[in-house]
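Read through the structure below, which is laid out as structure tokens, and then see the notes.
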Amino acid sequence: MNANGMRVRIISYGATILSVHVPDAQGRFADVITGFDTLDAYVAHLHYFGSTVGRVANRISGARFMLEGKEYLVPANNAGNSLHGGDVGFDKANWTITACDEDALSVTLSHFSPDGDQGYPGNLSVTATYQLHADNALSVRYQATTDAPTVVNLSNHAYWNLGGEGSAYDAMDHLLTIHAAHYVPVDAALIPTGERRPVAGTAFDFRTAKPIGKYIGDVADAQMRHGHGYDHNWVVDEVVAQQPRPQAVLEDPVSGRTMTLLSNQPGLQFYSGNFFDGSIAGKAGKSYHKGDAIALEPQMFPDAPNQASFAPILLVPGERYENSIIWRFGTKAGSLPD
């Protein structure tokens, strides 16, 4: 907990963000991240709530890729494709806590993924360092090294509802801004077509703030049909930045809570919680339905090993992979009564 009362809980299973308590415009605190209140529930379910996903986040088409002339097969755990590292990805690993600094409000967790883990080559050593900052920001820095050429694309799969995890309203009236002029269209299996399509004049134009649910039911839009809503990558840039840069802003006009997202990654996967069907209940006992929370996942572009036009996600010995993410929370005037 920082001096402002913001509280964050991290667990070693999946290097997962368990809860994030931040104030609304009236100073009232709520947990704004979805998930469970028991470890057993995290073990049993596959929705990646707050978890670290890897070795490769997002999808790999056909659950296979070529690397240095050799084909590698990875688990086909998503309609013939591989999703978030496979059946037993980093979200299902019990990470090791290697450092904890009470003064800096930081914790570092590590995970060793051996050569052949889920079909991926190379022994991969990974760390995740979470830190709670004085300005009501939470950050994570993912780093990885390998002893053989491999592919790496890590992210965090937190789901957000700034009204509160057990809120009576969903996230579809949240206002979203994404700092990107292009997005990556997908086919019916949610695999990128390889294009970068302009957002101008489409439901994917979030360059100025708009309600998430404004166009989400547009069945005339093939991309909305493919994703059952938003499940696409936005092109923030084409290269990894030296420092985290603004990617998106999320605002809840009811509570007044805001969240600014920064990362050094070139892509941002926005998923609008399309497959929540009411069968899972969260920490407050409320069943999660479509649109109750959204995920904003900074990462490299999906299916990069199989897409010649995308930046590669190759990691070789002697180099270090890094994904730095910052979630900065604030408030605006909200519509809740005092």
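One is the number of the first residue shown, and numbering goes on along the chain from there.
Glycine too: its Cβ is placed from the backbone N, Cα and C atoms.
Among the candidates Asp218, Asp221, Asp231, Asp237, the residue that TrEMBL annotates alongside Asn58, Arg59, His157, Ala158, Tyr159 as binding beta-D-galactose is Asp231. Cα-Cα distance from Asp231 (beta-D-galactose binding site) to Glu297 (active site, proton acceptor): 11 Å (rounded to the nearest whole number). Each residue contributes its Cα atom, and for Tyr159 (beta-D-galactose binding site) and Glu297 (active site, proton acceptor) these two points are 9 Å apart.
If you take the Cα of Glu297 (active site, proton acceptor) and the Cα of His157 (active site, proton donor), they are about 6 angstrom apart, rounded to a whole number. Each residue contributes its Cα atom, and for Asn58 (beta-D-galactose binding site) and His157 (active site, proton donor) these two points are 10 Å apart. With a 10 A radius on its CB, Tyr159 (beta-D-galactose binding site) counts 25 other CB atoms from all the protein chains. Separating the Cα atoms of His157 (active site, proton donor) and Arg59 (beta-D-galactose binding site) is a whole-number distance of 14 Å.
Residue environment of Asp231 (beta-D-galactose binding site) contains 22 other Cβ atoms, counted within 10 Å of its Cβ in all protein chains.
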